[in-house]
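Enquirer: This structure is in C-alpha coordinates; I'll ask about it shortly.
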(Lines of atoms letter the chains of each structure in order from A and count residues from 1; the text may use other names and numbers.)
(Lines give C-alpha, C1' and ligand atoms only; values in the text may rest on other atoms or scores of the structure.)
Protein backbone atom coordinates (compact mmCIF):
# COMPACT_ATOMS: atom_id res chain seq x y z
CA UNK A 1 0.00 0.00 0.00
CA UNK A 2 1.23 3.49 -0.89
CA UNK A 3 1.86 5.58 2.22
CA UNK A 4 2.00 9.35 1.79
CA UNK A 5 2.81 12.24 4.13
CA UNK A 6 1.17 15.66 3.79
CA UNK A 7 2.51 18.52 5.91
CA UNK A 8 0.28 21.52 6.48
CA UNK A 9 -2.46 18.92 6.17
CA UNK A 10 -5.14 21.00 7.88
CA UNK A 11 -4.24 24.04 5.81
CA UNK A 12 -5.62 25.29 2.52
CA UNK A 13 -3.51 23.51 -0.08
CA UNK A 14 -2.60 20.53 2.10
CA UNK A 15 -6.21 19.57 2.82
CA UNK A 16 -7.13 19.88 -0.85
CA UNK A 17 -4.22 17.63 -1.83
CA UNK A 18 -5.47 15.01 0.63
CA UNK A 19 -8.91 15.32 -0.93
CA UNK A 20 -7.37 14.74 -4.36
CA UNK A 21 -5.48 11.69 -3.09
CA UNK A 22 -8.64 10.32 -1.46
CA UNK A 23 -10.47 10.67 -4.78
CA UNK A 24 -7.92 8.21 -6.19
CA UNK A 25 -8.54 5.77 -3.36
CA UNK A 26 -5.31 6.71 -1.56
CA UNK A 27 -6.16 6.85 2.14
CA UNK A 28 -2.94 5.74 3.89
CA UNK A 29 -2.00 9.35 4.52
CA UNK A 30 -0.15 10.70 7.54
CA UNK A 31 -1.40 14.23 8.18
CA UNK A 32 1.12 16.61 9.75
CA UNK A 33 0.11 19.96 11.20
CA UNK A 34 -0.10 22.16 14.29
CA UNK A 35 -3.71 22.47 15.45
CA UNK A 36 -3.08 25.25 17.94
CA UNK A 37 -5.60 27.10 15.75
CA UNK A 38 -8.15 24.43 16.55
CA UNK A 39 -10.84 25.33 14.05
CA UNK A 40 -8.57 24.13 11.23
CA UNK A 41 -9.74 20.60 12.11
CA UNK A 42 -12.74 21.31 9.85
CA UNK A 43 -10.45 21.01 6.84
CA UNK A 44 -9.60 17.44 7.87
CA UNK A 45 -12.93 16.23 9.23
CA UNK A 46 -14.29 15.04 5.85
CA UNK A 47 -11.03 13.42 4.72
CA UNK A 48 -9.64 9.91 5.05
CA UNK A 49 -6.24 9.71 6.75
CA UNK A 50 -4.43 6.91 8.56
CA UNK A 51 -2.78 9.06 11.23
CA UNK A 52 -2.31 12.60 12.51
CA UNK A 53 1.04 13.70 13.96
CA UNK A 54 1.89 17.07 15.44
CA UNK A 55 4.51 18.92 13.44
CA UNK A 56 6.68 19.45 16.52
CA UNK A 57 7.49 15.73 16.81
CA UNK A 58 7.09 14.41 13.28
CA UNK A 59 10.39 15.26 11.62
CA UNK A 60 12.73 13.40 13.97
CA UNK A 61 10.39 10.40 14.10
CA UNK A 62 10.20 10.30 10.30
CA UNK A 63 13.99 10.52 9.92
CA UNK A 64 14.35 7.58 12.30
CA UNK A 65 11.94 5.38 10.37
CA UNK A 66 8.94 5.49 12.72
CA UNK A 67 6.43 5.47 9.87
CA UNK A 68 7.82 2.72 7.68
CA UNK A 69 8.23 3.18 3.95
CA UNK A 70 6.92 6.55 2.76
CA UNK A 71 6.42 6.91 -0.98
CA UNK A 72 6.19 10.70 -1.11
CA UNK A 73 5.89 13.81 1.04
CA UNK A 74 3.73 16.74 -0.06
CA UNK A 75 5.25 19.58 1.98
CA UNK A 76 2.69 22.37 2.29
CA UNK A 77 3.38 23.34 5.91
CA UNK A 78 4.79 26.86 6.30
CA UNK A 79 4.14 30.33 7.60
CA UNK A 80 2.48 31.91 4.56
CA UNK A 81 1.82 35.37 6.01
CA UNK A 82 3.68 37.72 3.68
CA UNK A 83 3.25 40.52 6.25
CA UNK A 84 5.01 38.59 9.04
CA UNK A 85 8.04 40.63 10.12
CA UNK A 86 9.62 38.13 12.56
CA UNK A 87 12.45 36.86 10.39
CA UNK A 88 13.64 34.24 12.87
CA UNK A 89 10.17 32.70 13.10
CA UNK A 90 9.85 32.73 9.31
CA UNK A 91 13.25 31.17 8.67
CA UNK A 92 12.73 28.48 11.32
CA UNK A 93 9.35 27.50 9.89
CA UNK A 94 9.97 27.86 6.18
CA UNK A 95 13.66 27.21 5.69
CA UNK A 96 15.16 25.18 8.54
CA UNK A 97 12.15 22.86 8.81
CA UNK A 98 12.17 22.29 5.05
CA UNK A 99 15.90 21.45 5.07
CA UNK A 100 15.33 18.95 7.88
CA UNK A 101 12.49 17.39 5.94
CA UNK A 102 14.57 17.12 2.76
CA UNK A 103 17.34 15.40 4.67
CA UNK A 104 14.83 13.00 6.24
CA UNK A 105 13.39 12.23 2.80
CA UNK A 106 16.89 11.45 1.55
CA UNK A 107 17.50 9.14 4.48
CA UNK A 108 14.17 7.34 4.09
CA UNK A 109 14.07 7.23 0.28
CA UNK A 110 10.92 9.35 0.00
CA UNK A 111 10.08 11.73 -2.81
CA UNK A 112 9.58 15.40 -1.92
CA UNK A 113 7.02 17.68 -3.57
CA UNK A 114 7.07 21.05 -1.82
CA UNK A 115 5.46 24.48 -1.82
CA UNK A 116 7.61 27.33 -3.02
CA UNK A 117 6.05 30.66 -3.96
CA UNK A 118 5.82 33.35 -6.61
CA UNK A 119 6.90 35.69 -3.79
CA UNK A 120 10.44 34.59 -4.70
CA UNK A 121 10.18 36.93 -7.71
CA UNK A 122 9.15 39.96 -5.66
CA UNK A 123 9.74 43.13 -7.62
CA UNK A 124 10.71 41.39 -10.85
CA UNK A 125 8.62 41.89 -13.97
CA UNK A 126 9.71 38.52 -15.39
CA UNK A 127 8.40 35.36 -13.74
CA UNK A 128 10.67 32.60 -14.97
CA UNK A 129 12.47 30.03 -12.82
CA UNK A 130 15.84 31.74 -13.14
CA UNK A 131 17.99 33.35 -10.41
CA UNK A 132 18.27 36.49 -12.53
CA UNK A 133 14.60 37.26 -11.86
CA UNK A 134 14.39 36.36 -8.16
CA UNK A 135 14.03 39.53 -6.05
CA UNK A 136 11.87 38.89 -2.96
CA UNK A 137 10.27 41.90 -1.31
CA UNK A 138 9.76 40.35 2.13
CA UNK A 139 11.23 37.73 4.45
CA UNK A 140 8.53 35.25 3.45
CA UNK A 141 9.67 35.38 -0.17
CA UNK A 142 13.29 35.16 0.95
CA UNK A 143 12.62 32.09 3.11
CA UNK A 144 11.09 30.31 0.12
CA UNK A 145 13.87 31.42 -2.21
CA UNK A 146 16.59 30.24 0.16
CA UNK A 147 15.13 26.72 0.21
CA UNK A 148 14.84 26.72 -3.59
CA UNK A 149 18.51 27.70 -3.76
CA UNK A 150 19.39 24.92 -1.34
CA UNK A 151 17.57 22.40 -3.54
CA UNK A 152 19.44 23.65 -6.59
CA UNK A 153 22.72 22.98 -4.79
CA UNK A 154 21.64 19.58 -3.46
CA UNK A 155 20.12 18.39 -6.73
CA UNK A 156 22.21 20.29 -9.28
CA UNK A 157 21.05 23.52 -10.91
CA UNK A 158 19.12 21.59 -13.56
CA UNK A 159 18.19 18.90 -11.02
CA UNK A 160 20.30 16.37 -12.93
CA UNK A 161 21.16 14.54 -9.70
CA UNK A 162 17.45 14.02 -9.05
CA UNK A 163 16.78 12.90 -12.61
CA UNK A 164 19.69 10.47 -12.31
CA UNK A 165 18.09 8.98 -9.21
CA UNK A 166 20.74 10.17 -6.76
CA UNK A 167 18.34 12.25 -4.67
CA UNK A 168 14.98 10.84 -5.72
CA UNK A 169 12.26 13.13 -7.05
CA UNK A 170 12.36 16.70 -5.72
CA UNK A 171 9.79 19.17 -7.06
CA UNK A 172 9.18 22.75 -5.96
CA UNK A 173 5.99 24.54 -6.99
CA UNK A 174 6.05 28.32 -7.14
CA UNK A 175 2.41 28.95 -6.35
CA UNK A 176 0.94 32.16 -7.67
CA UNK A 177 -2.37 33.55 -6.27
CA UNK A 178 -4.28 30.45 -5.22
CA UNK A 179 -7.96 30.65 -4.27
CA UNK A 180 -10.67 28.13 -3.47
CA UNK A 181 -12.37 26.03 -0.78
CA UNK A 182 -10.88 25.49 2.69
CA UNK A 183 -8.89 28.73 3.03
CA UNK A 184 -11.23 30.25 5.63
CA UNK A 185 -8.71 29.92 8.48
CA UNK A 186 -6.11 32.12 6.76
CA UNK A 187 -7.53 35.43 7.95
CA UNK A 188 -5.98 38.39 6.13
CA UNK A 189 -3.95 36.01 3.92
CA UNK A 190 -7.06 34.37 2.44
CA UNK A 191 -7.67 35.13 -1.23
CA UNK A 192 -9.22 38.30 -2.61
CA UNK A 193 -12.19 36.23 -3.81
CA UNK A 194 -12.82 34.93 -0.27
CA UNK A 195 -12.70 38.40 1.29
CA UNK A 196 -14.83 39.96 -1.44
CA UNK A 197 -17.50 37.27 -1.07
CA UNK A 198 -17.89 38.07 2.63
CA UNK A 199 -17.54 41.82 2.09
CA UNK A 200 -20.37 41.81 -0.43
CA UNK A 201 -22.54 39.74 1.88
CA UNK A 202 -21.94 42.21 4.72
CA UNK A 203 -21.86 45.56 2.89
CA UNK A 204 -23.49 45.01 -0.49
CA UNK A 205 -20.31 46.06 -2.28
CA UNK A 206 -16.67 45.07 -2.71
CA UNK A 207 -13.64 47.33 -2.39
CA UNK A 208 -10.54 47.42 -4.57
CA UNK A 209 -7.40 49.53 -4.50
CA UNK A 210 -7.44 52.69 -6.55
CA UNK A 211 -4.68 53.49 -9.03
CA UNK A 212 -1.16 52.53 -7.96
CA UNK A 213 2.14 51.63 -9.57
CA UNK A 214 1.11 52.87 -12.99
CA UNK A 215 -2.08 50.79 -12.98
CA UNK A 216 -5.58 52.25 -13.07
CA UNK A 217 -8.07 51.55 -10.30
CA UNK A 218 -8.58 47.81 -9.89
CA UNK A 219 -6.35 47.14 -12.89
CA UNK A 220 -3.41 45.71 -10.96
CA UNK A 221 -2.99 42.20 -12.35
CA UNK A 222 -2.19 38.85 -10.79
CA UNK A 223 -2.03 35.27 -11.96
CA UNK A 224 -4.99 33.81 -10.05
CA UNK A 225 -5.15 30.00 -9.95
CA UNK A 226 -8.01 27.83 -8.70
CA UNK A 227 -7.10 25.26 -6.05
CA UNK A 228 -8.40 22.33 -8.13
CA UNK A 229 -5.77 23.13 -10.75
CA UNK A 230 -3.02 23.30 -8.11
CA UNK A 231 -4.00 19.84 -6.88
CA UNK A 232 -4.14 18.43 -10.41
CA UNK A 233 -0.59 19.56 -11.19
CA UNK A 234 0.75 18.24 -7.87
CA UNK A 235 -0.78 14.86 -8.68
CA UNK A 236 0.60 14.93 -12.23
CA UNK A 237 4.11 15.15 -10.80
CA UNK A 238 3.26 12.45 -8.26
CA UNK A 239 2.41 10.27 -11.27
CA UNK A 240 5.72 11.16 -12.98
CA UNK A 241 8.46 10.38 -10.43
CA UNK A 242 11.19 10.85 -13.03
CA UNK A 243 10.50 14.58 -13.32
CA UNK A 244 12.19 16.99 -10.89
CA UNK A 245 12.81 20.72 -10.73
CA UNK A 246 11.32 24.03 -9.66
CA UNK A 247 8.22 25.03 -11.59
CA UNK A 248 5.84 27.96 -11.69
CA UNK A 249 2.30 26.97 -10.82
CA UNK A 250 -0.05 29.63 -12.10
CA UNK A 251 -2.30 29.80 -15.13
CA UNK A 252 0.11 31.74 -17.33
CA UNK A 253 -2.65 34.35 -17.59
CA UNK A 254 -2.62 37.65 -15.68
CA UNK A 255 -6.06 39.06 -14.92
CA UNK A 256 -6.99 42.32 -13.16
CA UNK A 257 -8.52 42.48 -9.71
CA UNK A 258 -11.52 44.03 -11.47
CA UNK A 259 -12.16 40.61 -13.03
CA UNK A 260 -12.18 38.95 -9.61
CA UNK A 261 -14.55 41.54 -8.15
CA UNK A 262 -16.87 41.39 -11.15
CA UNK A 263 -16.91 37.60 -11.01
CA UNK A 264 -17.71 37.54 -7.28
CA UNK A 265 -20.51 40.10 -7.54
CA UNK A 266 -22.04 38.60 -10.67
CA UNK A 267 -21.91 35.08 -9.26
CA UNK A 268 -23.76 36.27 -6.16
CA UNK A 269 -26.23 38.21 -8.30
CA UNK A 270 -26.83 35.07 -10.32
CA UNK A 271 -27.59 33.07 -7.18
CA UNK A 272 -30.30 35.60 -6.31
CA UNK A 273 -31.77 35.59 -9.83
CA UNK A 274 -30.23 38.88 -10.99
CA UNK A 275 -28.50 39.41 -14.31
CA UNK A 276 -24.75 39.89 -14.71
CA UNK A 277 -23.43 43.43 -15.17
CA UNK A 278 -20.31 44.79 -16.82
CA UNK A 279 -17.58 46.53 -14.84
CA UNK A 280 -18.79 50.03 -15.66
CA UNK A 281 -22.34 49.21 -14.58
CA UNK A 282 -21.10 47.56 -11.39
CA UNK A 283 -19.08 50.64 -10.41
CA UNK A 284 -21.89 53.05 -11.34
CA UNK A 285 -24.26 51.04 -9.17
CA UNK A 286 -21.82 51.27 -6.24
CA UNK A 287 -21.30 47.51 -6.18
CA UNK A 288 -17.55 47.97 -6.70
CA UNK A 289 -15.79 50.78 -4.84
CA UNK A 290 -12.17 51.94 -5.12
CA UNK A 291 -10.21 52.93 -2.01
CA UNK A 292 -6.80 54.64 -1.65
CA UNK A 293 -3.78 52.36 -1.81
CA UNK A 294 -2.53 51.78 1.78
CA UNK A 295 0.82 53.25 2.78
CA UNK A 296 1.75 50.04 4.63
CA UNK A 297 1.91 48.13 1.33
CA UNK A 298 3.92 50.63 -0.68
CA UNK A 299 7.16 49.05 -1.88
CA UNK A 300 6.01 45.59 -0.75
CA UNK A 301 3.25 44.96 -3.26
CA UNK A 302 3.34 43.06 -6.54
CA UNK A 303 1.15 44.99 -8.99
CA UNK A 304 1.63 42.40 -11.72
CA UNK A 305 2.37 38.68 -11.80
CA UNK A 306 2.07 36.18 -14.62
CA UNK A 307 3.62 32.74 -14.48
CA UNK A 308 5.90 31.74 -17.32
CA UNK A 309 4.79 28.14 -17.89
CA UNK A 310 7.51 27.20 -20.38
CA UNK A 311 9.34 24.92 -17.94
CA UNK A 312 6.13 23.30 -16.70
CA UNK A 313 4.88 22.60 -20.21
CA UNK A 314 8.28 21.22 -21.25
CA UNK A 315 7.78 18.37 -18.77
CA UNK A 316 4.72 17.19 -20.68
CA UNK A 317 2.23 18.50 -18.13
CA UNK A 318 -0.56 19.90 -20.30
CA UNK A 319 -3.23 20.45 -17.65
CA UNK A 320 -5.64 23.27 -18.70
CA UNK A 321 -6.22 26.04 -16.16
CA UNK A 322 -9.52 27.72 -15.30
CA UNK A 323 -9.79 31.46 -15.87
CA UNK A 324 -10.95 33.78 -13.10
CA UNK A 325 -14.52 33.92 -14.37
CA UNK A 326 -14.88 30.13 -14.23
CA UNK A 327 -12.92 29.43 -11.06
CA UNK A 328 -14.34 32.28 -8.99
CA UNK A 329 -17.90 31.45 -10.03
CA UNK A 330 -17.40 27.85 -8.87
CA UNK A 331 -15.84 29.06 -5.63
CA UNK A 332 -18.64 31.52 -4.88
CA UNK A 333 -21.19 28.75 -5.33
CA UNK A 334 -19.24 26.59 -2.86
CA UNK A 335 -18.99 29.44 -0.33
CA UNK A 336 -22.70 30.14 -0.63
CA UNK A 337 -23.47 26.48 0.08
CA UNK A 338 -21.36 26.64 3.25
CA UNK A 339 -23.32 29.68 4.43
CA UNK A 340 -26.72 28.13 3.73
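Start at 1 and count along the chain as shown; that gives each residue its number.
Positions of Cβ are set from backbone N, Cα and C atoms, glycine also.
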Enquirer: Need a hand: Swiss-Prot gives 12, 13, 33, 34, 40, 76, 77, 78, 79, 80, 93, 144, 186 for NADP(+), which of 5, 171, 178 is also on that list?
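Expert: Among the candidates, Swiss-Prot records only 178 at this NADP(+) site.
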Enquirer: Return the residues near residue 195 (substrate binding site) by Cβ distance under 8 Å, restricted to its own chain and a separation of at least 6 in sequence.
Expert: none
Enquirer: By CA distance, which of the recorded positions (33, 77, 79, 177, 186) lies nearest to residue 140 (active site, proton acceptor)?
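Expert: So, spelling it out, the nearest of the recorded positions is 79.
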Enquirer: Under a three-state reading of DSSP, tell me whether residue 186 (active site, proton acceptor) is helix, strand or coil.
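Expert: Note: residue 186 (active site, proton acceptor) is helical by DSSP.
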Enquirer: Tell me which of the recorded positions 177, 186, 210 ends up closest to residue 79 (NADP(+) binding site) in space, Cα to Cα.
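Expert: Closest recorded candidate to residue 79 (NADP(+) binding site) by Cα: 186.
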Enquirer: Tell me, in order along the sequence, which binding-site residues from 12, 77, 212 have their CA within 10 Å of residue 186 (active site, proton acceptor).
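Expert: Within 10 Å of residue 186 (active site, proton acceptor): 12.
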Enquirer: Would you kindly give the Cα-Cα distance separating residue 177 (substrate binding site) and residue 77 (NADP(+) binding site), rounded to the nearest Å?
Expert: 17
